[in-house]
Amino acid sequence: MIASAPAARRPLRVARSRGRDAGILMVVAYALLLVAWAFADPPGASPDESAHYVKAVAAGLGQIRGVADPTVTVPGADAVQTAWFRVVTRQYDIPGSLVPQNFSCEGLRPNVSAACHLAPVPPPTPGLVRAASYVGDYDPYLYVLPGAAMHMADGPVSALLAGRLVSAAVVLALLTLAVWLLLSPAGSTPLVGLGLAVTPMVMFLGSSLNPNGGEIAAGICFAAACLRLSRTQAPSRWVWLATGLSGAVLAMSRTLGPLWVAMILLVAVMLLGFRGTLTRLRTGGRWALVAVVTTTAGLCAALAWELVTHSHAGGGTQSIASRAFADLRALPGVTLPQQLGVFGYLDTPSPKPVYWLWELMLGAVLIAALVAGTARERVVLVCACVLSVAVTVAVAVFLIDPTGFPSQGRYTLPFVVVVPLLAAEVLTRHPDRLRGYGGTGLRVILVGVAAVQLISWWQNARRYAVGLQGPVWFLPSAQWAPPGGWWPWLALVLIAVAALAAPLLSFRRRGLR
C-alpha cells in the first residue's frame, strides 16, 4: 500500500505539469499575438480609435470630464445620430504635437490599402490645441495608463503605438490571470474553453486603443475566477484577490461593466447553488471579504461616473418589437461573425470558412458538455446560452438602436465568453464520461483555434497591405507595411500559433483532461 501511493499520484503530477506547460505557452501566444496586432494595424484602424486616442491623451493630462459641446455637427449623420453626438462629445486641450493626423484615412474602403498613411502631414501646431472626442462620456478609468504612456512619445503615431501596447499589457495581465485560474489539477481542458473565448476579435480589440479590449479580457478573467470558486477545492488567497481585481476592472471598464459583473455572478451562483455560494463566502473568510469589497469599489466608481455624466440620448421611430425582431434575426449572420472577428470599421471580415470552423468547434464543445454534465450543469449551460442571446438583443434594442447606429457583436462579448468557458469547465469535471474520444476532439479543437488566429490576422494584414481585392500572398506587392515590414510580425504570429497548438498536440489521449 505504501509503495503504491507515489505511483497513484504520478498521473496527477504529470497532468499538472502538462497543464502548467500549456498555460505558459498560451500566455506566450497571446502576448505575441497582441504585439503583432498592435503593429500590423495602421493608425486609427480599430473602431473609433481616433476618438479614443483624444480621450486617452487628455486623460494622461488629468482631463477626465472635458467640456461638453452641444452644437457639434458630424458630416453624414442624421438627426438621431447628431443628437447622440451632441450628448456624448467632449472637448479637450491636448498638445498640438500629439493631435492625430490622417488617422483612419483608409477607413470604410476595404479594397484600398493603407498607403494613404505614407502621405506627408502638416507640421504640428505648437502649444495646446482644442480637440473633440465623441467617446467623452465613456468611463475614463482604462484610459489613464495608456494616456500617461502616450505623453512620452514624440508624435501621434508613436503615441498611438505606446497607448496600444499599454492597453495590450493590461489585457495580457488579465488573460494571464484567467489562464492560471482555469488550470485544473486534472489537466488543461479548461484552456480549450479559453481558446474559444479569446477569438481573433478579442486580440484585435485588445491590441487597439479602445477600452472594449480591456472590458472583454476582464470579463474572461472574472468568469474564470467565478468558475474556479465554484470548484470543490478550497480556493487559495490569490484566487480571491484575482476575483476582486477582475471584478473591479470589469465594473469600471465601460458603461455596461456592472451588468456583466451581475450576470457572471448569476451564472456562478446557479452553478454552485445559493447555499453553496454562501458556504464558499463564509469559508473564504477575510479574503472573500476583500474580493467583495474590491468588486464593490469598482461598481461604486462606475456608478459615480454615471452620476457625474448622466448622458443618455435616444430616439428612433421603430417599435421595440420590430427592433427586437430585426436584432434577433441578425444574430447568426451578423452578430456572431462579429464576435469572432470582423475587423477595422466592420469592413474586414475573415474568410467564411473561418466562421464555419469556429462555430463547429464551439458547437462540438457545447454538445460534449451537455452530454457529460450533471442535470444542474446542463441547465446552467443552457441558461448561459439563452442569456447570451437575450442580453445581445436587449442591449441592441434599448441602448444601441435608439442612437441611430447599428449594434455590434463586440458589445456583449464580455458576457458571451462565459459560454465556452463554462462548457470546458463542465468537461473538466467529468473527463471519464467522454473517455475514448474526448481527448482527440479537444486536441483537434485547439489546432483549429490556432488556425483561426493565423488566418484572421493574415486577412486583416492583407486588407491594409493591398486591400481585400489584392493578392492573397501580398508580401511581395504590399503598398503599406508596419514598422520593420511584414516579415517580423508574421514571424511572431507563426510562433504564437505554434505555441497555441504544440502542447496539446503532444498530449496523449489520457493526459488531456
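Each residue, glycine too, has its Cβ placed from N, Cα and C.
What TrEMBL annotates here:
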| type | residues | note |
| --- | --- | --- |
| TRANSMEM | 21-40 | transmembrane segment |
| TRANSMEM | 161-183 | transmembrane segment |
| TRANSMEM | 190-207 | transmembrane segment |
| TRANSMEM | 259-278 | transmembrane segment |
| TRANSMEM | 287-305 | transmembrane segment |
| TRANSMEM | 355-372 | transmembrane segment |
| TRANSMEM | 379-399 | transmembrane segment |
| TRANSMEM | 411-428 | transmembrane segment |
| TRANSMEM | 440-458 | transmembrane segment |
| TRANSMEM | 486-507 | transmembrane segment |
For the transmembrane segment (355-372), sequence-distant contacts whose Cβ falls under 8 Å of one of its Cβ atoms, 6 or more beyond its ends: 192-193, 196, 199, 336-337, 340, 378, 381-382, 385, 419-420, 422-424, 426-427, 430, 433-434, 438, 441, 445, 448-449, 451-452
Interface-richest range of 190-207, 259-278, 287-305, 440-458 toward the transmembrane segment (379-399), CB pairs under 8 Å: 259-278
Ranked first among 161-183, 190-207, 259-278 for CB pairs under 8 angstroms with the transmembrane segment (440-458): 190-207
Residues of the parent chain within Cβ reach of the transmembrane segment (21-40), under 8 Å, 6 or more residues beyond its termini: 161, 164-165, 168, 171-172, 175-176, 179-180, 183, 188, 191, 194-195, 198, 203-204, 206-208, 453, 457, 460-461, 464, 482-484, 486, 489-490, 492-493, 495-497, 499-500, 502-504
Positions whose Cβ lies under 8 angstroms from the transmembrane segment (190-207), at least six residues beyond its ends: 19, 22-23, 26, 30, 33-38, 41, 46-47, 164, 167-168, 171-172, 175, 178-179, 182-184, 213-214, 216-217, 220, 224, 227, 338-343, 350, 358, 361-362, 365, 409-410, 413, 417, 420-425, 427-428, 442, 445-446, 449, 452-453, 456-457, 460, 500, 504
